[in-house]
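Reviewing the structure listed below.
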Amino acid sequence: MISPDAARNVVGIIGNVISFGLFLAPVPTFWRICKRKDVEEFKADPYLATLLNCMLWVFYGIPIVHPNSILVVTINGIGLVVEGTYLFIFFLYSPNKKRLRMLAVLGVELVFMLAVILGVLLGAHTHKKRSMIVGILCVFFGSIMYFSPLTIMGKVIKTKSVEYMPFFLSLVCFLNGVCWTAYALIRFDIYVTIPNSLGAIFGAIQLILYACYYRTTPKKTKAAKDVEMPSVISGPGAAATASGGSVVSVTVER
């Protein structure tokens, strides 16, 4: 019989693969930016938000905050590198006004993280308290990002078209939420359960909408639309799961 820890590790590994795939989902968008040497109408906000979430979860997973959570650090460490690369490309091809705004937001995020780190390490002296404080922050920011698909879902209902909501991406986001919710329930972790259960619910709603409206979607044409599909990314840990948010940009042919 498989032990709970072994089952959780298996689910966590599967979740790692899905999460890593979601981190890489915006690659086509940034390939386009590099080819055109212009960010066009794309915004850096989703990637800045994801960067903050990854920083919070990396801090959550280090031994002095939450022991035995190396996988939390690794998946979100990868997320930091990936999001940092996206932001570097975005900065490289942005006009000065957007660059200054990016630097300002990054500065605020770094100051916020420094305040969190100092406050937690100096003000909380047990792993339980430190995990609780950082975990609550991660749940708060992660849950906010889970509500971002509401805009896309509203557009689907209004237009009776799923052209702005790719099926595969909706499915992967749903599986990601289900996987990490299952991971959290094997050995109950409230900090993981809340945001990932929201992700599973919103992913399920997207799939239901797709089933309802895909027949009424206009046939594809040669024009291309750039779509930003919000999703929240999670990574595993020995005793907890890390979550970060990312808005996945894809190109849908109409």
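In case you wondered, yes, glycine gets a Cβ from its N, Cα and C as well.
When the topology recorded in Swiss-Prot is consulted, F91 and Y164 turn out to share a side of the membrane. Counting Cβ pairs closer than 8 Å and at least 6 residues apart in sequence, the transmembrane segment (166-186) and the transmembrane segment (70-90) reach fewer than three and form no contact.
Here the domain 'MtN3/slv 1' (10-98) is broken down by DSSP into helix, strand and coil counts: 68 helix, 0 strand, 21 coil. Of the recorded ranges 10-30, 102-122, 132-152, 190-210, the transmembrane segment (70-90) has the largest number of C-beta contacts under 8 angstroms with 10-30.
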